[in-house]
Structures are given as C-alpha cells and as structure tokens.
Amino acid sequence: MDCWKEVKSSSWIYPTLMLCTYGFFSAMRPAESFLTPYLTGPDKNLTIEEVTNHVFPVWTYSYLVLLVPVFLITDYMRYKPIIILQGAGSLITWLMLVFAQGVLAMQLMEVFYGMFTATEIAYYAYIYSTVSADHYQKATSYCRSITLVASAVGAVLGQLLVSLAGLSYFYLSTISLASVSLAFFTSLLLPMPQKSMFFHRKGLSDTVSERADRERTPNASSTNKHTGHQEDKDSANPSTSPECHPNTTKPQNHVLKVLVQLFKDMKECYSTKRLLYWSLWWALATAGFYQILNYVQVLWDHRAPSQSSAVYNGAVEAIATFLSSATSMAVGYMRINWNLSGELALGIFSAVNAGALFLMHLTANIWACYAGYLVFKACYMFLITIATFQIAVNLSMERYALMFGFNTFLALAIQTILTLVVVDSRGLGLDIVTQFLVYGCYFAAIAGIFLMRSIYILGSTKCRREKQSFPKEHLTSGNKDQKNSITTGSATWL
C-alpha cells in the first residue's frame, strides 16, 4: 500500500502508468486483424461488396466530420473527458460487433469507431498536460511503445487462437470487448489535468522561461524566437496580458482570442516552405495509408477466401508492427542531412510503396500480397517518423500539435475524396483488385512530385556551391597573374 501511495503521489508516474494501462487494453484487440472474415462469415453474413462499398466507407466520413470539433473540444475540456469518450466509443463499437446484425447496424458501428479514432488525439496530448517537461521524453516513449506492444500482442494472440485452438472469430470479438471494457474503466481513474496547451495555459512566467530555454537551444527556429520576444514584451507590461488577469476577460472573448491565435500560428507554420512540403507529403501519404489499412483485409479475403483457406492476418499484422517499430527506431541512428536529402527519401520510398501496391494488384498469390503489405507499412512508418521529426524539431509543442491536427484533417479530406470516387457505391464502386491499382498510381504520383522536387533541390544546391567557389578560384588566378606581371615588369626595368 505504501508503494502504491508513493506512485500515486508522484507528479508523473501515476498518470503515465494509468495512461499506459488504458493504452494497452484499448489497443489489445485480437479480432481486429480478422474483421473482414468475421463480417463476411456466418456470424454476420455480409457480402464482400456490402462490407467494401457500404460499411467501411462510413468510418472515413465519420472520422472526418468529428475530427475538427473533437480537436478543439479536447483541449478545452482538458483531455480526460475525451479519453473517457474514446473508451466509450470503443466499448460501443465492440458491443455492436458482438451483438448487432445487418448492414445498417454495422454502418452505425463504424460511426462509433470513427468517434474512437477521432478522439485518439486526447491520448497523446494528455501526458503533456499532466507531467513536467523534464519527463516528456520518457512518458511519450512509454505511451507510444505500449500501444505498439499491445497491438502486436493482440495480433499474435488472435492468430494463435484461430490457427492452434480453432477458435471462431466471434470469441475473438468477445475477448476484444473484454479488453476495451477494461480500458474504459481505467480511463475513469485518470487524474484530471489542470492545464492544456491552448485554452487553459499555465502561468505566463513558466511559459516565458520555457520559450527562453528553447531560444538558447541550437534547434530553435526563428519563429519561436519571435514568439518568445513577444511574450517577453507581454511580461514586461503585465497590464496587456490577459493571462495575468484571467478574471477580467470574458470566457467568450478568451475563446475567440485563442481561436484567432491558433489561426495566426497555423498561418505562420505553413509559411515556411520546407515545413509546407513535409506537411504535404504527410497529408497525401497518410490518406493513402489509411485507405490501404482500411481495405487490405478485403483484398486478402479476395485472394484467399477465409471460408476455404487458412487465414494468417494476425501473424502478418504482428510482423508489420515489429518491422514498423524497427524502421522507426532506425531513424534515430541515421546521420543524414534531411534538409538536403529528406525529400529524395520521400520520393524513393514512396516509389517503393507504389511498387508494393502494384504487386498486390497484379499477383494472385496471398503470400505475395502479405509481403507487399509488410513492405508498404514498414516504408510508410519509416517516412512518417522522419516527417514527424522534421516538422517537430523547430516548433513548440503547441504549434506541433496544431500542425499534427491540421495535417491529419487534410489527410482525412483526401481520403474521403478517394473513398467517394473509388470505393463508394455512389461513385465508381470499383472492385477491390482495381482499387489497389488506383492506390498504386496514387503513390506513384506522390513519388513523382517529391523526386522532381528533390532533383531541383540537389541541382540548386550544387549551382550555389559552384557560385560560391567561383570567386575564390577567380581571385586565386588573379593573384597569380598579378605576381607574374610584377615579376615581368621588374625584369624589364632591371
């Protein structure tokens, strides 16, 4: 008991422990790797066309609609209520997967799943409002790692229960329901944060000191410096700072000022050309990644029908998670000038992703499909880690969260267009094999954009270096000519 009291009284251990516990049970869903076989099997008895063209698109639409209001409400309500809402959304999703029947019920289930994924931002933002900056790195590492571990554990457990124990997909859904139920009850135990990144800022003096610390670091951007100087001016004149007198400002005006400041910050972030292109890749590639993640099981079921073939979705997802973790970790050990070579990497690996998708379109072999998916997910996770680092390295936590939210919104908007045109029955309603041909062409176009830009960057850098070296060479040759002329003149005079 004394040990538990000590953990609970700690400023960062207890909230981190509770959040990691919530993250583990929330992500440990053995049935998720077998969702398409479950929906098209005897338990739900849906056709593959109903799942592809009528059920799965609902998730994309609901996610897009809910993301923006959830992003603002999450910060205003200080995260914990939204995490509870996320847990409730996941709980309702799996309750409907276990007990509900019919296309309409599954479409409603996708709406709640969209709520679950839209509120996921609260999970990653919560920790920054409850622990000090000294523990950001550890807490973030624990929270992100535990979800990857839980996802891998769920996938492996599901595969073992299906392949070795011969358990039906219904029981996998029941185990997933039990896991998310534990996650929901764990969310109730989270401590309520006293501050947030935008609407409930901490004291002005703390903010100024942290900005000053960032200004002293070599990676601080000129944008942050400007913000830091502005806050110094505000601290010098406290009468002009609304945060020094919170009771003198009406809540409506405070909310409006925060929204205006968010717009200004976002405009300033995207005015940097390099961050703009990294964000463009983030939005384009993430839209394609979500689309593949949503429909790859349908392709696998088409290549090897679950009613007549052995299904290894869980094993493939577990391996994909492991490879994604390995490639993401490898980024931290690379010593590369990403400012110069980053967009070349985006172009090359996007081309590899396009090749993997073309392979999945062309081959009828399920193992080749699995291999293509492993390559695709590992390459995406490698690139998104680089993009995340490049965007975050010169931004404050608040501005990074803002760019993360807006980039995700753009990705969902692009994915919605893809879904409407390619998948939805109101659009082209293409079959799953043709869909992957379209997705391959989509990533090929992304690769073309960034390969052309990387060639331009490398070419302009080379020309700049040549121009810088030319005056030195000219000056050296000029000095030699001058010496020769002096020597010749002296000899004539003598």
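For all residues, glycine too, the Cβ spot is worked out from N, Cα and C.
According to TrEMBL, the feature transmembrane segment maps to 12-31 (among others).
According to TrEMBL, the transmembrane segment annotation covers 51-72 (among others).
Sequence annotations record features per position, and here TrEMBL assigns transmembrane segment to 84-105 (among others).
Same-chain residues lying 6 or more positions outside the transmembrane segment (111-129) and placing a CB less than 8 Å from one of its CB atoms are 15-16, 19, 22-23, 26, 58-63, 65-67, 70-71, 74-75, 78-80, 82-83, 85-86, 89-90, 92-93, 96, 136, 139-140, 143-144, 190, 193-197, 397, 401, 404-405, 408. Feature annotation from TrEMBL assigns transmembrane segment to 111-129 (among others).
Per TrEMBL, transmembrane segment is recorded for 141-162 (among others).
The transmembrane segment annotation in TrEMBL covers 168-192 (among others).
Positions annotated as region 'Disordered' by TrEMBL: 209-250 (among others).
According to TrEMBL, the feature compositional bias 'Polar residues' maps to 236-250 (among others).
According to TrEMBL, the feature transmembrane segment maps to 275-292 (among others).
The transmembrane segment annotation in TrEMBL covers 312-332 (among others).
What TrEMBL lists as transmembrane segment is 344-364 (among others).
According to TrEMBL, the feature transmembrane segment maps to 370-393 (among others). Sequence-remote contacts of a segment are chain residues at least 6 beyond its ends whose Cβ falls under 8 Å from one of its Cβ atoms, and for the transmembrane segment (370-393) they are 219, 274-275, 278-279, 281-282, 285-286, 289, 292, 296, 300, 312, 316, 319-320, 323-328, 330-331, 338, 342, 345-346, 349-350, 352-353, 356-357, 359-360, 363, 400, 403-404.
Positions annotated as transmembrane segment by TrEMBL: 400-423 (among others). Proximity of distant same-chain residues to the transmembrane segment (400-423), defined by a Cβ-Cβ separation under 8 Å and at least 6 residues beyond the stretch ends, is recorded for 52-53, 56-57, 60-61, 63-64, 67-68, 71, 121, 125, 197, 262, 265-266, 269-270, 275, 279, 282-284, 286-288, 290-291, 295, 391-392, 429-430, 435, 438, 442.
Summarising the annotation, TrEMBL assigns transmembrane segment to 435-458 (among others). Below 8 angstroms of C-beta separation, residues 277, 281, 284-285, 288, 291-292, 295, 299, 340-341, 343-344, 346-348, 350-351, 353-355, 357-358, 360-361, 418, 422-423 of the same chain, each at least six residues beyond the ends of the transmembrane segment (435-458), sit close to that stretch.
The region 'Disordered' feature in TrEMBL is assigned to 469-494 (among others).
The compositional bias 'Basic and acidic residues' annotation in TrEMBL covers 469-483.
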Completion exercise
Spatial neighbours of the transmembrane segment (84-105) not adjacent in sequence (6+ beyond its ends, CB under 8 Å) are 22, 26, 29, 31, 38, 44, 46, 50, 54-55, 112-113, 115-116, 119-120, 122-123, 170, 173-174, 176-177, 180-181, 183-184, 186-188
Problem - Result, the transmembrane segment (12-31) in contact with the transmembrane segment (275-292) (3+ CB pairs under 8 Å) - result: no
Problem - Sequence-remote partners of the transmembrane segment (168-192) [C-beta within less than 8 Å, at least six residues beyond its ends] - result: 14-15, 18-19, 21-26, 28-32, 34, 37-38, 41, 43, 78, 80, 83-84, 86-88, 90-91, 93-95, 97-98, 126, 130, 154, 157-158, 161-162
Exercise for the section: Using a Cβ distance cut-off of under 8 Å, indicate which of 141-162, 312-332, 344-364 has the most pairs with the transmembrane segment (12-31). Expected result: 141-162
